[in-house]
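Some notes on the structure that comes next.
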Amino acid sequence: MTTAMTCTRLTIFTVAGIFLQILGLSFFVFGFFPVKPTLSGVSGSESYRDPFCDSSPISNESDLHHPEKLKLLYQELSGISSKYDRLILMVIDGLPAEFVLGKDGKPPWKVWKESMPYTQSLLANGDAIGYHAKAAPPTVTMPRLKAMVSGAIGGFLDVAFNFNTQALLDDNLLGQFFRIGWKMVMLGDETWLKLFPGLFMRHDGVSSFFVKDTVQVDRNVSRHLPDELNSDDWNLLILHYLGLDHVGHTGGRNSPLMPAKLKEMDDIVRTMHLRAMMDRSHDQGQTLLIIVSDHGMTENGNHGGSSYEETDSLMLFIGLNSNISDYASATNNVAFQVDLAPTLALLFGVPIPKNNVGVLVPGTLSSLRDFEQLRALELNSWQLLRLMQAQIQSSSFPGFSCNCFLDGTCEGIDLDISECSGDKEKQLICLFRNAAVLHGIWKSKKSTESSSAMEDFSRALDAYNTFLKTASEWLASKTTEKPVLLLGLGVSAMLISCFICATVFLSLFKEVYHEPKDQVCSLSYLLNLEEMFIFALLLILVISMGSSSMVEEEHYIWHFMVSTFYLLLLFKTAKSFNFSEGMNILRDFKFGSIFSLLISGRLLRGWHQGGVNWTYLPDISKWLQQVGSGYVKWIQLISNFLVIVLGLYTLFRTGLNRKSVRILAFGFSACGFLILLHAGRYQDEMSTDFGATVTVKVIYYLLSISAIGASLVLPWSALNKDKSFLAEVGDCLYSIGSAYILCWCLLQLLLQQPINSGPILLLFLQILAILCLSSNDLQVNEWVEIAALYYMGMAGHFALGNSNTLATIDVAGAFIGISSHSTILSGILMFMITYASPMLFLLSLVMYIGAKLRNHSHSTISTHPETSLGQILKLKLGFPCLVPLCINSILLTAYTVVLLLMRNHLFVWSVFSPKYLYVCATTLCTYIGVCIVAATVTYTFSVTTFLRSNRTRHNNS
């Protein structure tokens, strides 16, 4: 690359770099996020035997085709009497345990407690026992349901599959119940139907993704309840209510709809308790009612991350006869969500699912006899030990043999109780040995009622609980060994891609600024203040990636550095003027633009208190919501109006007052009016409205036609014989860029939360200000201006309330205008909402290129007719494409290396992995934005060249 690089070579190298980056990213993602290790098959009669015995099923189990016979076999082998005949599992989606049980030993807030009087009376009277059931991230519905019924913690990428649920093939409770002949009914979230197709004899599923619907989605469940409670043909009734989660998404924890929704849920609990459990007029057997939630919610009503508010799910048992003596004992209990699976398996006499990592919920077996309690703990320990055997070498179990602890024949094993030390695996084996030995000692004395027998029982109970707790934590955190080859290939490909992009950039830099490459790479050249700043920000970002706290609070870096850049512009502008000259319009205009950047930047910084740790601090959005929705409506109205006015001004600014531009202006004006209509009439409605859906679809169509039409039609109607070639292209690109920006801003005003209409206007003003500065000789290199636009886009990303946790993703807006659920359409809308600001600033590059061409239309390029189209494209399109790609490539590669180094960090799944998903999504956003810019500019240059050549031939003829 010592000679000037042609446009074709530059394109080939850039595309090759992007391809390598995609390939490397794919290798790394599939290598770093593997599926958790699972044991194949389902648990059977072998689960009731010592794991060191023959693991094959009992010989006659395969002959027991009749479910009732299999059920009797399991009951006989388990040695635990089943007290319950039926189970009602009520899932209240998104209900934080704090709403029912309080927090830190304190009762729930008054409004929550008074909204659920019947449930609170059950807790106060000892008829119910509640648990803060900690859910594992990601806190979204599908993986949490899997965890409850299988006891297994899924892989981190389950968050991606939450929107396209597939059948659960792993061993699970519902499959075990089905094998013993249970009849099951499901009403509510259709996720259950996708996870367990064909298992329910009756069902009525509702979509979980229309989050505006908070009423009908629950009525569809409750309308079947009277008939089902009178029926005696089912063993398991699942009710999955979605309305409370939808209330959270639309209005947050403190939504005015929340108390009414809690009261509705409380009435349903009352109905089920009185009809299914207290009413003995129907011989339906003993019923156990369990109320659970899949996850909690943040103050804003979102979920997906790992904060306490999101992982604090509810597990409430009604009808256990646990002999609870006081309210505190009924509410101040802690468990894990996965603990539900082994608890229900042992209560209802089926094998524990094979891949379960949960333990028996403490207090749920207190009504059992002593030997049944120890037998339940023993079965749970055996099941976890089988999972451990799959991950620990068999040599770690020397002397262990079938029933050796019961018979006292374990060779080479010290049967004395000892303190367990050493590495984790040795500790686990030691803890199991202690529990098994103490259990054997109790069995030998259980015929006596002496105090020593009671003491041995307590010791065995404590030993089992210690082993189960330690083993569960170890298994929950255990993952498969990372495939080194895939990770190595992935990182290598991304490093090579980063090197290619940087080399191409330096080659173009050398050609544009006529600097030798060796001087460009030397430290002496980097003394330019603005260029030093760009590289300093990259360095700071890379260094901060290794800190979990800085990853959580990354927005501070972007806001601080972008504000610093504005101050640098102010400093540079002040130096370039002589203030003794008196009034200077250009000077005042520049200073006004810079101050508008500083003011808008400060407002954006204060609009949302982002991040993770300090979201409770006051900010502009919280203040506006507190003073009343009327102020938010006014801001929304003013923002819509100003965006339309400023957008139309920029559209007409080039003087292309042709018919096509006027049609575009009419289309955008109509869209703006419809958006205001939608905001005024439909935005506050919490249910799906036909009129709202039609209005939004019309807006989608108008915006799509306007944006695509502008890019395709304007180049054909912009021919002006009085202007130079570059000026003509510049005018056309400036108008197309204006159309892109206006279209994107209007779309965001429709999709974003109403509180974000102000930031959308401020981001639009920032783009106009920076483009005005650039058009009036900012005295900064072109690549620095483009890098600054990229940085401003990332700062705006956090200013809109986004963070590096999945909980800030706006799910509600992803279903605006969609009449039937579509994973693809909802995913696209969610991506648009989340990356509104980065994409806006990438699209502004079209307008930026047009402004540069208009100002430099009399440059040396335009005075040389022999200059090829490829050469012009390379010089005018090279930096706008390469700078975003290079910055993103550096950050992606650096964070990939950081994630690899942090693979054993305590917060690898809760902090670093969600951030990596955002980095990958930012990469996709950069690719899309650069492709749109490249395609638009190339098409416009090609059409204008074609029209000019035709006109030249026509004149010559």
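Note: Cβ is positioned from N, Cα and C throughout, glycine not excepted.
So that you can see what the record holds, here are the features copied from TrEMBL:
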TRANSMEM  12-33  transmembrane segment
TRANSMEM  484-508  transmembrane segment
TRANSMEM  520-543  transmembrane segment
DOMAIN    530-940  domain 'GPI ethanolamine phosphate transferase 2 C-terminal'
TRANSMEM  591-608  transmembrane segment
TRANSMEM  631-651  transmembrane segment
TRANSMEM  663-679  transmembrane segment
TRANSMEM  731-751  transmembrane segment
TRANSMEM  757-776  transmembrane segment
TRANSMEM  788-818  transmembrane segment
TRANSMEM  824-849  transmembrane segment
TRANSMEM  877-901  transmembrane segment
TRANSMEM  916-941  transmembrane segment
Subject >> Chain residues in Cβ proximity to the transmembrane segment (824-849) (below 8 Å; excluding those fewer than six residues from its ends, i.e. six or more beyond) >> reply: 163, 209, 650, 730, 733-734, 736-738, 740-741, 744-745, 747-748, 751-752, 760, 763-764, 767, 771, 774, 785-786, 789-790, 792-797, 799-800, 802, 809-811, 813-816, 818, 876-877, 880, 884, 921-922, 924-926, 928-930, 932-933, 936-937
Original post:
the transmembrane segment (663-679) and the transmembrane segment (916-941): do they have three or more Cβ pairs under 8 Å, with pairs 6 or more apart in sequence?
Top reply: no
Original post:
To the transmembrane segment (484-508), which of 631-651, 788-818, 877-901 is linked by the most Cβ pairs under 8 Å?
Top reply: 877-901
Original post:
List, by number or range, the same-chain residues at least 6 past the transmembrane segment (591-608) whose CB is under 8 A from its CB atoms?
Top reply: 559, 562-563, 566-567, 569-570, 573, 619-621, 758-759, 762-763, 765-766, 769-770, 772-773, 795-796, 798-801
Subject >> For the transmembrane segment (757-776), sequence-distant contacts whose Cβ falls under 8 Å of one of its Cβ atoms, 6 or more beyond its ends >> reply: 569, 586, 589-590, 593-594, 596-597, 600-601, 603-604, 607-608, 620, 632, 635-636, 638-640, 642-643, 646-647, 650, 741, 745, 748-749, 785, 788-789, 792, 796, 799-800, 836-837, 840-841, 844, 847-848, 851-852, 854-855
Original post:
For the transmembrane segment (12-33) and the transmembrane segment (877-901), does the number of C-beta pairs under 8 Å, pairs 6 or more apart in sequence, reach 3 or more?
Top reply: yes
